């Protein structure tokens, strides 16, 4: 999205100016104005754009659906055009995008889960790979459900400000439900491993939404990621060690 691209420097002053020059825009139009999305202001300096390519920046509306009205009104924005929202449906719209990003990692992760589940004192057990692998796979599915589906839907009501914390909280809750469902089938250590795994993965996936929200800043996102990613990696590593270890202990 525009806000994320501007914050990361992809939608930048230099990029805008270079695109204007590369397309020869000055030879195509007689005016010297560029209408840019309001949220691109995080990465675009209007004065520098004019100095670099000769075009004046006009800040347009937040949403593309308001562009026609903005043009019809003589480039005058109404309060509604300047308002940034993140409603329930706007959050839900992001879910398919995040799910689409999960395809390739999932193809690698699923075989790894079953292989790790089969490791034990006899080196490798096919029956254990299947039985324990199903539990691990279910944990992964629930982690995705928590981090990709539930996190955006329940965002305003989840504890904490950090998205990583919100995802972790969901992971703990989902992990507890999984443990309750497998009482008598999994040991406490196995339940702990799966809960840690769900919590870490859910936390990471929920953190991906920081680039889509209108109330996080680039510096805040970077700060959160520097703290959260090592903790998430440690959680996954601890989960793998415990999960494989229980296989060597005979479940």
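A Cβ is built for glycine as well, from the same backbone N, Cα and C atoms used for every other residue.
TrEMBL entries are annotated by machine, without manual review.
Long-range neighbours of the transmembrane segment (108-130) within the same chain, counting only residues 6 or more positions beyond its ends whose Cβ lies under 8 Å from a Cβ of the stretch, are 136-137, 140, 240, 243-244, 247-248, 250-251. Feature annotation from TrEMBL assigns transmembrane segment to 108-130 (among others).
Within the chain, the transmembrane segment (137-157) has long-range Cβ neighbours (under 8 A, six or more residues past its boundaries) at 88, 91-92, 94-95, 98-99, 102, 106, 109-110, 113-114, 163, 166-167, 170-171, 173-175, 177-178, 194, 197-198, 201-206, 208-209. Sequence annotations record features per position, and here TrEMBL assigns transmembrane segment to 137-157 (among others).
For the transmembrane segment (163-184), the list of distant contacts is 135, 138-139, 142-143, 145-147, 150-151, 154-155, 191, 194-196, 198-207, 209-210, 213, 216, 224, 227-228, 231-232: same-chain residues at least six beyond its ends, Cβ to Cβ under 8 Å. Taken from TrEMBL, the feature transmembrane segment applies to 163-184 (among others).
According to TrEMBL, the transmembrane segment annotation covers 191-209 (among others).
Taken from TrEMBL, the feature transmembrane segment applies to 229-249 (among others). Long-range neighbours of the transmembrane segment (229-249) within the same chain, counting only residues 6 or more positions beyond its ends whose Cβ lies under 8 Å from a Cβ of the stretch, are 116-121, 125, 128, 132, 136, 164, 187, 189-190, 192-194, 196-197, 199-201, 203-204.
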